[in-house]
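S.K.: My questions all concern the structure below.
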Amino acid sequence: MNLFETTIIFVLLIGIGQILRRTKFDDIIRRILYTFIIYIALPALVLAAFLKNPIHFSNFILTFIAIVILIFGIFVAFFASKFLNLDKQSAGSFIITSAHANTGFLGYPISFYFFGSTGLFYAVLYDLGMFIGLITVVTFTAGIYGKGMPNKHKHDILFNFFKFPPLYAFIFGMLIGNFTDAEGVIMADAVNLFELLGSTSLFFTLLYLGMYLNVKKIFKFIKISVISSFIKLGVIPVFAFLIICLMGLLNIPLSPVEKNIILLQSLMPSGLMTIMLAVHYKLNSDVASGNVIVTTLISFLLLFVLSVVLF
């Protein structure tokens, strides 16, 4: 898909979600979508990713850089949430949406659009870091800020973290992908089935986002969304640029395409899966959905300007 096709799909699915929101079956549809995404689609996506592409701990500098950038974003958003004096659930949504990026669904086609198949290859490596961060540090952060958590002991937060189904798919996929020949253990048809189920996660998440999206509440939380956009599309890309400079000072080789992909992926908007985390951990889903929409619109505008300048 090119940038235009990706934008059309994004808008269309959110629009369908808005239509479903106005039906009398909206609560039932939301529950079904939530259950399917959390318990089937996301675990399948994780398994497919690691069974088809086992992790090897070499040539993954972009993966490591993505994790570092994600953690930096969490720290910046944490201090910004204190400045904004947000309540706990709103702060949780603000932090995870400001830090995590949509480096897959949007990052892949956009990287291919600007830098071809080589760019796409490096985009996948970068996205892997964001994906690992989503399943671990972002999920744990959401659990800490979840509703009803203030009086709980730390081990209760850990217990809630380990109740997230994709985490087990991540662990299982890592073990199987690295220590066995995936196709020798699991039939190729089964792997393809995981991939098929996993590929639905982003599309159903967009529908889910559309059903949760309240246009009036976007304007209610517009100040929060603008600051989130500044962190996501301003502060984080600057930090990514500084990391590239640091790699040069440390004589760690990065090709021009790798450098461009790091910068491009740092310009991606908030990750869609943060919506599911916000709902799962009972954060402020209105803040989360508003941040995703606003950062996506601003990101598309920046990318359009970039495409005009480059092409």
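In case you wondered, yes, glycine gets a Cβ from its N, Cα and C as well.
These numbers come from a predicted model, not from an experiment.
Relevant sequence annotations retrieved from TrEMBL are reproduced here:
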- 6-21: transmembrane segment (TRANSMEM)
- 33-51: transmembrane segment (TRANSMEM)
- 57-80: transmembrane segment (TRANSMEM)
- 92-115: transmembrane segment (TRANSMEM)
- 121-145: transmembrane segment (TRANSMEM)
- 157-176: transmembrane segment (TRANSMEM)
- 196-215: transmembrane segment (TRANSMEM)
- 227-249: transmembrane segment (TRANSMEM)
- 261-279: transmembrane segment (TRANSMEM)
- 291-310: transmembrane segment (TRANSMEM)
S.K.: Under a Cβ pair cut-off of under 8 Å, which of the recorded stretches 6-21, 57-80, 92-115, 261-279, 291-310 contacts the transmembrane segment (121-145) most often?
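M.R.: If we count Cβ pairs closer than 8 Å to the transmembrane segment (121-145), 57-80 scores highest.
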S.K.: Pairs 6 or more apart in sequence, C-beta under 8 angstroms, 3 or more of them: is that satisfied by the transmembrane segment (291-310) and the transmembrane segment (57-80)?
M.R.: no
S.K.: Rank 6-21, 33-51, 261-279 by Cβ pairs under 8 Å to the transmembrane segment (92-115) and hand me the top one.
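M.R.: By Cβ pairs under 8 Å, 261-279 leads among 6-21, 33-51, 261-279.
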S.K.: How about long-range neighbours of the transmembrane segment (196-215): same chain, 6 or more residues beyond its ends, C-beta under 8 Å?
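M.R.: Residues packing against the transmembrane segment (196-215) from afar: 9-10, 13-18, 20-21, 26, 29-30, 33-34, 36-37, 40-42, 44-49, 104-105, 272-273, 275-276, 279, 285-286, 289, 292-293.
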S.K.: By Cβ distance under 8 Å, which residues at least 6 away from the ends of the transmembrane segment (6-21) in the same chain are close to it?
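M.R.: Same-chain residues near the transmembrane segment (6-21) but 6 or more away: 29, 105-106, 109-110, 203, 206-213, 293, 296, 300.
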S.K.: Using a Cβ-Cβ cut-off of under 8 Å, list the residues of the same chain that are 6+ residues beyond the ends of the transmembrane segment (261-279) and lie near it.
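M.R.: Contacts with the transmembrane segment (261-279): 34, 37-38, 42, 62, 65-66, 69, 92-93, 96-98, 100-103, 105-107, 110-111, 114-115, 119, 122-123, 126-127, 130, 134, 138-139, 142, 201-202, 205-206, 208-209, 212, 228, 232-233, 236-237, 239-241, 243-244, 254, 285, 287-289, 291-292, 295-296, 298-300, 302-303, 306.
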